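One structure is given below, encoded as structure tokens.
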């Protein structure tokens with residue numbers, strides 16, 4: 001079952017990130033090895049002691065935040081390093097996963113959420129005036145390679161906004177470097193948008209949906225030939241079903257330029273993107289619940305964004321209702337749980353999805369978001385009512401924890417593989433240490449030679465309509481903590 005106690009102290013007591021000569025302090029047990037490896041950590045709340053009212057508030061904000069997210073709208077290689085790994089951190093019991101990168105000269109490290117559902121990089125700036133205390137912020141004057149692009153930048157989403165300006169500087173991650181990466185420096189951040197130790201967000205979707213109009217960091221690396229293979233891959237850990245889970249736990253890994261064969265078995269089952277050049281969109285071709293197939297969606301109703309920045313799974317109301325119809329005793333949620341479903345806690349639910357290739361099952365531990373009462377549990381699938389041009393389905397970490405996922409640039413596709421025993425052993429490992437950031441002593445360096453998309457770079461008031469579910473999730477969690485917990 002999901003751990004239900006959230007400690008605001010654990011969030012607010014985290015140490016700030018250090019500069020490149022050191023690592024962000026996590027207060028955990030083990031550090032990552034040097035060189036190309038940077039550990040990912042996933043953000044998740046301790047939820048063992050949440051009330052039904054608190055879970056309702058969280059669930060309502062999750063749904064509205066996702067809808068806001070999707071409802072808005074050749075290099076000079078110095079030393080080519082073919083592959084790199086960024087170790088991830090799992091935050092607040094599988095709620096979010098983040099990694100680290102470094103900006104500037106000399107490089108300073110920052111924690112950023114890794115989000116395949118958006119395409120912009122932004123961090124809080126040192127002149128941030130709203131809700132940026134206690135986290136690492138970017139100081140332009142501390143970098144000798146910083147350049148102000150003199151363009152306004154703003155991020156808008158369901159629960160707030162971040163605003164600032166576009167800039168250009170050296171960005172490093174796991175042994176790779178882009179010399180002139182465009183990113184946002186945010187000076188105004190809505191309350192709760194960023195939570196220590198996370199300082200920003202790294203978008204991993206395609207340039208066409210970047211509000212800045214700039215080539216994303218990952219896309220520059222792959223198009224400039226810095227990677228051995230045009231792929232990036234995720235292994236995400238599971239901690240939500242354990243008691244005593246910490247606010248920060250080891251989150252798995254984010255690999256660039258290769259798929260880590262120690263983390264999966266068998267072949268990677270690739271499926272070509274249904275829509276290219278925007279989100280990582282696959283068609284859902286089959287759905288089964290408790291080994292019983294339901295009618296599969298078709299056309300646009302089948303399109304699913306594979307999104308590491310989303311915690312749960314959202315889909316069209318009729319299909320979500322059909323999924324829960326197969327679970328005896330399930331019922332639509334009410335009030336803050338509207339759009340969700342509850343079901344009897346003594347039922348282990350297995351949902352399986354296919355995207356045109358193999359069928360992949362979701363563990364009952366991931367399908368159960370939390371226990372609301374002794375007998376009533378909340379499901380991790382909810383109604384996605386965004387509409388418009390947004391994908392009908394948003395497939396997030398509830399699914400992705402159950403597979404090794406590979407995002408391939410060319411041919412444009414997403415692949416899944418069965419997790420290996422090595423990967424599965426990392427789930428809920430109480431003895432594992434939260435990783436620390438490493439920048440890499442000799443990064444592979446490229447220049448961003450791609451052009452800005454027209455009409456986005458020089459205009460003021462740029463609005464981002466995608467990619468901030470993590471921030472809004474944490475915003476909600478901190479808001480709950482401030483109301484219901486004693487803050488130090």
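Heads up, the Cβ atoms here are built off N, Cα and C, so glycines get one too.
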Examine the ranges 19-38, 39-58 and name the one recorded by TrEMBL as region 'Disordered'.
19-38
Pop the Cα-Cα gap between residue 115 (active site) and residue 128 (disulfide bond) into the table, whole Å please.
23
Pairwise CA distance, residue 115 (active site) versus residue 307 (active site), rounded so that it is a whole Å:
7
Among the active-site residues 115, 307, which residue has its Cβ surrounded by the fewest other Cβ atoms within 10 Å?
115
